[in-house]
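What follows is a short report on a single structure.
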């Protein structure tokens, strides 16, 4: 089953009752259209459910692939799409042999990460982040934006409130009304930030440092340097300006660990913001004590699609249909990405200011980067 989904409001891909998940929604609707029994709708293992890539809470997919056992009829896809909510679409269902496993047959995966341009603004002089890299940082016009914001905060908040907001010992929740008001004001100010070509180039240079085989133990949880399972191979990274105000990062890798991409993007953002040399990234592949890297928001991450080159070669040799979307389906997927996924990412930023919260989090970073 080839499918795409907007992950906003879902607790990830994998079936995990009582939480709302993509697999849970698919199972329910498969039963509703008569493709599986009621008993099997409550137990994914009975249907041999396996995804080519698992996506976490809030993460989207332009294309993912599920291997599963169902009763397939001519109208199954049409009935499923009629029953499913608009944020989940089935692109097609293709018969495969009984031994096919979507996860093990997948050679590699393409991911995208969308970030607003303002996330690359330099740190304010008063921030902990600026103090940590003060010797490397040269003024690039960002401080003018922060000076404007400072004047706005003095007119909006009392001295006591500003102290509470700036005190790193007070870990105010993002849901705190004071923080929400502060970040809402910050969002309006940062929207006027103009990204320079040199800042975008610096971010891309940092992202290119990931290409190759490296030990990504600092980019996930529960891994130590030297653990073979922390070795990952990144095939390609492409950075471009996707739409006005947004940057698209495309990453092609064999496989990824929990939070790996979000931390890869976060570290490259920090390097570009603070004007650190791109090869600072290499320090995080090295042996030694674990280094802290914040996680960029899940809302910007989407699975572009799994790749089945090896398996498709076998299918071609047997004169079978390959596992890949045709041109018409690809057009539908691209429209879905724009209308459902990109719209949801932009809407969440407008409503919840997730990337503004992340800018504030980075500004308060006390951990040395060098």
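From the backbone N, Cα and C atoms, a Cβ is placed for every residue, glycine too.
Predicted, not measured: the structure shown is a model, and the values here were computed from it.
If you look up Swiss-Prot, you'll see 56 marked as active site, nucleophile. Summarising the annotation, Swiss-Prot assigns substrate binding site to 111.
Distance between Cα atoms for residue 111 (substrate binding site) and residue 56 (active site, nucleophile): 13 Å, as a whole number. Classification of the residue listed as 'active site, nucleophile' by DSSP places it in coil, neither helical nor stranded. Here the recorded positions are 56, 111, and the one whose Cβ sees the fewest other Cβ atoms within 10 Å is 56.
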